[in-house]
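Record features, source TrEMBL:
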| type | residues | note |
| --- | --- | --- |
| DOMAIN | 62-71 | domain 'Uroporphyrinogen decarboxylase (URO-D)' |
| DOMAIN | 164-180 | domain 'Uroporphyrinogen decarboxylase (URO-D)' |
Amino acid sequence: MSCTSVSSFTASLFVPSKSSSFSNHKRRFIQCSLGGAVVEPKALAEPLLLNAVRGQDVERPPVWLMRQAGRSENVDLVVEISLQPWNVFKPDGVILFSDILTPLSGMNIPFDIIKGKGPVIFDPIATAADVDQVREFSPEGSVPYVGEALTILKKEVDNKAAVLGFVGAPFTLASYVVEGGSSKNFTKIKKLAFSQPKVLHSLLQKFATSMTKYIRYQADNGAQAVQIFDSWATELSPVDFEEFSLPYLKQIVDAVKQTHPDLPLILYASGSGGLLERLALTGVDVVSLDWTVDMAEGRRRLGHDIAVQGNVDPGVLFGSKDFITNRIHDTVTKAGKGKHILNLGHGIKVGTPEENVAHFFEVAKAI
């Protein structure tokens, strides 16, 4: 998930109005009194998305859309922006409004997001001494608002959809802090990898340990599935992916499964066509495909034991409604029955017509 501000498209859907109030966040579940005893309402069935990931028979593929990230420490704002797609379109997944770089400040890596430039790391990491200054992340102390927001989201959505958390993968986070922000060529991170691999491995280990803690924290506070974004892993050759990304992703998955065995983990890496089989080796429950991979081919390469997510080109939403309909059906048909989450192959684009987003959900839910 890229480190950008909310897009112009999301302004009407994902940004709260001045008159919005979230006093109802504090409301409790409705209770009724029978003979002096307080009876809790019966819990709803598991969300469709979770059932699909676990291979259960579902009436249709669950659907949600990845979108642009953002950053706020205001719990009410985070909740409202997270809920606005839910209030308008009723997707089967409601993802936390946050950013993969959120943990950096708590790891002693100061940064900011500059308008028109994106994320800027004030003191890029280049040496072993720099890595020594990086602290392991403590989500309870550093980002308590994330836990608060997830708890509220879980209550608001009330199991009618799955609440999704997310984190950045170690190599992608390392790329940002070594490059000093976004990059086109990734020369600094590759120079560190190929000239001082021990230094990079030390940094990657700190991120792996920290993101394991962060995933557990999100799950403990209401996240029912967590997506791991390894956006820049596909800048690596397969052999380098096996050294600098795969072991740390697998470590995170293995550690989380020890404490949260039923928590679905989704892995997304843009441009991952050359690495699909290796992504499956991480042990995640779902691999999210971007649109550069044919869904049927991706399914064959990954095997049917793992769930798939995606992978409609976000640009399709600029097409006619008939075109959008055909692409949705094509993707669902190629994914086959079961273990498929319908989504875009990347985040929704700025300027996407709102009526086309509505049409996407209407068609998806009618399948």
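The backbone N, Cα and C atoms fix where each Cβ goes, glycine too.
Keep in mind the model is a prediction, meaning the values are calculated, not measured.
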Practice prompt. Just give the helix, strand and coil counts over the domain 'Uroporphyrinogen decarboxylase (URO-D)' (62-71), going by DSSP.
Written response: 0 helix, 1 strand, 9 coil
Practice prompt. Could you break down the residues of the domain 'Uroporphyrinogen decarboxylase (URO-D)' (164-180) into DSSP helix, strand and coil, giving a count for each?
Written response: 10 helix, 5 strand, 2 coil
Worksheet item: In this predicted model, what is the average pLDDT of the domain 'Uroporphyrinogen decarboxylase (URO-D)' (164-180)?
Response: 97
